[in-house]
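What follows is a set of notes on a single structure, which appears directly below.
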Ligand SMILES: *Cc1c(COP(=O)(O)O)cnc(C)c1O
């Protein structure tokens with residue numbers, strides 16, 4: 001065996017020994033909530049397609065029309081020939097939804113964060129990151145020569161302390177956080193963070209991958225508080241409640257124009273396929289016109305948390321912690337045997353000792369299935385504790 005295979009094989013064996021090896025399982029999503037896996041059909045409580053829009057007839061038809069007209073790919077970077085007019089229509093729609101002057105669409109949410117952060121920060125700047133922020137916010141921060149410091153999860157006092165201590169020593173400070181935390185389902189306290197950051201002339205950026213379409217009446221976490229708490233940088237993805245693929249940033253026009261000129265993941269990556277832009281526009285039509293649909297995922301999540309005696313869900317994401325990775329895997333297999341697809345989330349996606357089942361709720365789940373699932377989980381927790 002050559003050294004490359006030996007290196008990879010050794011790494012895999014070490015992960016396997018810690019129950020941390022991951023494997024891909026071919027999974028066909030046949031509608032918004034059912035998946036086919038290994039010849040079985042399961043109800044998924046692991047998809048982020050919170051509104052089932054990936055299979056909505058109007059969204060699929062819009063994608064099919066754009067596909068027939070414009071083909072499968074955009075052909076080049078947006079700055080060359082890849083800026084299909086649908087992408088600009090989509091940007092207008094996203095900016096309106098978020099109450100921003102302008103928007104920039106990227107190939108994915110990951111590409112958005114790894115493009116935005118190093119474009120807005122450099123030598124002599126500081127990036128403050130919530131300790132539970134999504135991996136691609138960390139990845140984007142690591143691409144910047146700026147100093148990177150974490151603050152304790154959702155701890156506004158800690159953030160205030162760090163800003164007071166460090167602000168004067170840096171040219172610019174960027175503060176980054178999930179709007180809705182992807183593995184915990186809680187909301188960042190934007191009602192306190194927005195004024196705090198403004199008072200220190202620090203730029204606040206929210207990653208609202210799990211907020212748009214499902215909280216704040218569908219407009220995302222900036223709109224989830226009594227008064228609008230809108231940071232100057234609102235990033236998000238088209239890949240979750242919007243049901244397709246792609247990412248975006250909403251901000252004031254000079255910021256967006258600068259990102260379009262300089263963000264490496266815009267300049268050096270191919271434009272979003274036109275059919276994805278068309279699908280996202282159709283999904284936004286539905287999100288903006290159906291407030292009942294938009295409220296359903298959180299309602300289902302609250303049905304689940306109430307049945308289990310957990311604090312009321314703030315978003316469609318509910319974690320149930322099992323601690324050791326092996327315990328979460330055992331619970332996952334038991335639920336799968338009952339027809340439920342709920343994926344165990346293990347380190348390094350979550351901190352060591354906090355392996356969990358991460359439940360996500362869809363507008364398309366029936367209340368009966370949610371309650372049946374809660375019964376099954378209650379039994380598993382009792383067994384794990386015994
Ligand atoms: C999923 C996710 C992303 C990445 O978005 P993609 O469009 O899937 O690349 C970014 N941030 C958060 C918080 C996410 O949950």
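The backbone N, Cα and C atoms fix where each Cβ goes, glycine too.
As annotated by TrEMBL, domain 'Aminotransferase class I/classII large' applies to 41-377. The annotation N6-(pyridoxal phosphate)lysine is assigned in TrEMBL to 240.
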Under 8 Å by Cβ from residue 240 (N6-(pyridoxal phosphate)lysine), counting only residues of that chain that are 6 or more apart: 48, 49, 50, 209, 210, 212, 213
Local backbone state of residue 240 (N6-(pyridoxal phosphate)lysine), from DSSP in three classes: coil
Reported mean pLDDT - the domain 'Aminotransferase class I/classII large' (41-377): 97
